[in-house]
Amino acid sequence: MAGGEGATAVMCTPAFVGRLLRSRWYVVFASMVVMAASGSTYIFALYSKELRSVLGYNQQTLNTLGFFKDLGTNVGVVSGLVQQVAPTWAVLLIGAGMNLAGYLMVYLALTERTAAPPVWLMCIYMCVGANALTFSNTGALVACVKNFPESRGIVIGLLKGFVGLSGAIYTQLYLAIYGDDAKSLVLLIAWLPAAVYIFFVHTIRVLPYRRRAEGDEPNSKPFFCFLYISIALATYLLVMIVVQKQVPSFSHAAYAVGATVLLIILFLPLSVVIKEEYTAVSQIEESLQHPPAIAVEEPASAKDDEQPKCSMSMTGCLTNMFKPPALGEDYSIMQALVSVEMLVLFVVSVFGIGGTLTAIDNMAQIGQSLGYPAKSINTFVSLISIWNYAGRVGAGYMSEFFVARYRFPRPLALTAVLLFSCVGHLLIAFGVPQSLYAASVILGFCFGAQWPLLFSIISEVFGLKYYSTLFNFGSAASPIGAYVLNVCIAGRMYDAEAARQHGGHAAAVGDKICKGVQCFKHAFLIITGVTLAGALVSLVLVWRTRSFYKGDIYAKFKVVPAADADGSNQRGEMVEGTVTQAGEPQNGKNKKQEEVNDEEFN
């Protein structure tokens, strides 16, 4: 009892709370909540029918709005450049303002509190609101990857997984708060993400990273606790979806209770953070009873820290641009953009992510054309959200495991995901009876799996120095595929078929609904073809990085074990722990002392 009371007393002190809010693990927790509030762009299908009916849009116009939403979601170059020169809190505040402004204007137009805006203005509203995701994504993701560079696949998969779950989370929250009112859903996604960003604005940041001792493994236990909690959250959401589908009249009070349980599970990772920090405090108190070792590490030489810079002349810039460093070293932005590796990732993003985005954005219309009831269409959207989560988390954790244990190249996993997504596209194309459930699962999983693989590959191949900008460049290509496949192909073919069914021209048909397999058949056969082409192109990246992934891609984050007699390693740096208080050399610190020093450093 006394020990429990002592632990409670320690955890209730202002010093412990301050330490908790400044810790690396709290940054991960705060980032998970921010990402869970950042996936409102993935529930476009839930309110797209309201846009069609209230504003009189046809399918091509609706797909144009979806394209500008995807454009805002994926073109985060501005947020990446802001992250390079501004603190993370500034990035999150900009995102909060853009989210509130963009979606609030969409809500006012839907509720007819303002005059119906022209299509071009509505496209701007959608793009601005969706672009807020890139600011939260950049701020949270970059901070966590730089805080845990040896677990980047796990970090990216976990955080992107919460983005994938956010669609189902929003569905439950809006049903509990507003009831089944799609217009109020737009209001919810206007104010809630902005409020969350502002709440965590000063706790998400990059902390100094200290290389670990040779032989010590990264502390990944909290990440697996976070994983188990996120799986519990996804399972709970899936159960709620099934129950709500089976129960004809699910009461508003039941929705409220369900949303309360959801929020409790969502904030449960905070208990893991508290436990980790209490353990660290206990280790510090224990270490103070013994003379602490002093870790001495000389700063790297100017030669080591020197980064390749362009000369003032244009010739010098062009020369350096086409002379990149070895894979895994820090590329400049221009060196990365003109590389074959980035070109391949652009093509994969256009064909692979563009195709799955088209399916997700049109899921409501696909279900409607194939004769599924409205309740089933909501189920498809939620299934996509949950399996989107499964794809992100699964790809992040499993690819990290195979890279570390078996040197399995991450680009090859990306190729496999692209091939698997072709199955979902074909199920939609041929309209197999009751297959849309399976298609939702497959496409949600594949769409989610592509993101952590893409972002991890960029961080590994091009380094972390300009990561905030480069990963946003890597995702910027997907809206091109979304525009071509969604607007130019799927939207036009849908409207043409609707016009044929209703006996008029496509422009005159307006918001008439298309019925039957033919509405999307040819569009998704084309999407299957280009996705297959993207998978073949990705093999170029597999071939070019095969030697890189055979080595230890995280070697630079470990202490070099070999030391000369003077205590320096082969690069002229002091090995951590080679000098004690008395000045006598020793082989290294014990594991507990290093963990204590790591915590004090943070």
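A Cβ is built for glycine as well, from the same backbone N, Cα and C atoms used for every other residue.
Caution: TrEMBL annotation is automatic and unverified by curators.
Look at TrEMBL and you will find 578-588 tagged as compositional bias 'Polar residues'.
Among the features that TrEMBL reports, domain 'Nodulin-like' is placed at 24-274.
Positions annotated as domain 'NFD4 C-terminal' by TrEMBL: 336-549.
The feature region 'Disordered' is assigned by TrEMBL to 566-602.
Residues 66, 69-70, 72-73, 92, 99, 103, 110, 129-130, 132-133, 136-137, 139-141, 143-144, 147-148, 155, 158-160, 162-167, 169-171, 182-183, 185-186, 189, 192-193, 196-197, 200, 203-205, 207, 222-223, 226, 230, 266-267, 269-270, 272-273, 276-277, 360-364, 377-378, 380-381, 384-385, 388 of the same chain lie 6 or more positions beyond the ends of the transmembrane segment (25-47) yet place their CB under 8 Å from a CB of it. Positions annotated as transmembrane segment by TrEMBL: 25-47 (among others).
Under the heading transmembrane segment, TrEMBL lists 89-107 (among others).
Residues or ranges marked as transmembrane segment in TrEMBL: 119-145 (among others). Under 8 Å from some Cβ of the transmembrane segment (119-145) lie the Cβ atoms of residues 27-28, 30-31, 34-35, 37-41, 55, 57, 61, 64-65, 68-76, 78-80, 82-83, 88, 91-92, 94-99, 101-103, 105-106, 109, 152, 155-156, 159-160, 163, 189-190, 193-194, 197, 204-206, 455, 459, 464, 467-468, 471-472, all in the same chain and six or more residues away from its ends.
Look at TrEMBL and you will find 157-178 (among others) tagged as transmembrane segment.
Residues annotated as transmembrane segment in TrEMBL: 184-202 (among others). If you look at the transmembrane segment (184-202), the same-chain residues 6 or more away from its ends with a CB under 8 A from one of its CBs are 30, 33-34, 37-38, 40, 43, 46-47, 89, 92-93, 95-97, 99-100, 102-104, 106-107, 110, 129, 132, 136, 170, 173-174, 177-178.
Non-local neighbours of the transmembrane segment (223-243) in the same chain are 28, 32, 151, 154-155, 158, 161-162, 165, 168-169, 172, 250, 258, 261-262, 265-266, 268-269, 272, 379, 382-383, 385-386, 389-390, 393, 397; each lies 6+ residues outside the stretch with a CB under 8 Å from one of its CB atoms. According to TrEMBL, the feature transmembrane segment maps to 223-243 (among others).
Remote same-chain partners of the transmembrane segment (255-274), defined as residues 6 or more beyond its termini with a Cβ less than 8 Å from a stretch Cβ, comprise 11, 20, 23, 25-26, 28-29, 32-33, 36, 169, 172-173, 175-177, 179, 222, 225-226, 229, 232-233, 236-237, 240. Among the features that TrEMBL reports, transmembrane segment is placed at 255-274 (among others).
Annotation source TrEMBL lists transmembrane segment at 342-360 (among others). Sequence-distant contacts of the transmembrane segment (342-360), counting only residues of its own chain at least 6 positions beyond either end whose CB sits under 8 Å from a CB of the stretch, comprise 42, 45, 70, 74, 336, 366, 384, 414, 417-418, 421, 424-425, 428, 439, 443-444, 446-447, 450-451, 454, 457-458, 462, 470, 473-482, 484-486, 490, 523-524, 527-528, 530-531, 533-535, 537-538, 540-541, 544.
Taken from TrEMBL, the feature transmembrane segment covers 372-390 (among others). Same-chain neighbours of the transmembrane segment (372-390): 39, 42-43, 45-46, 161-162, 164-168, 171, 230, 234, 237-238, 241, 245, 360, 363-364, 436-437, 440-445, 447-448, counting only residues six or more beyond its ends whose CB sits under 8 Å from a CB of the stretch.
Feature annotation from TrEMBL assigns transmembrane segment to 436-458 (among others).
What TrEMBL lists as transmembrane segment is 470-494 (among others).
The annotation transmembrane segment is assigned in TrEMBL to 523-543 (among others).
Sequence-remote contacts of a segment are chain residues at least 6 beyond its ends whose Cβ falls under 8 Å from one of its Cβ atoms, and for the transmembrane segment (523-543) they are 340-341, 344-345, 347-348, 350-352, 354-355, 358-359, 409, 411-412, 414-415, 418-419, 421-422, 425-426, 428-429, 457, 481, 485, 489-490, 493-494. Through the fold, the transmembrane segment (470-494) approaches residues 59-60, 62-64, 66-67, 70-71, 73-77, 79-80, 134, 138, 141-142, 331, 333, 336-337, 342, 345-347, 349-355, 357-358, 361-362, 365, 369, 451, 454-455, 458-459, 462, 506, 514, 519-520, 522-524, 526-527, 530 of its own chain, all at least 6 residues removed from its boundaries and within a Cβ separation under 8 Å.
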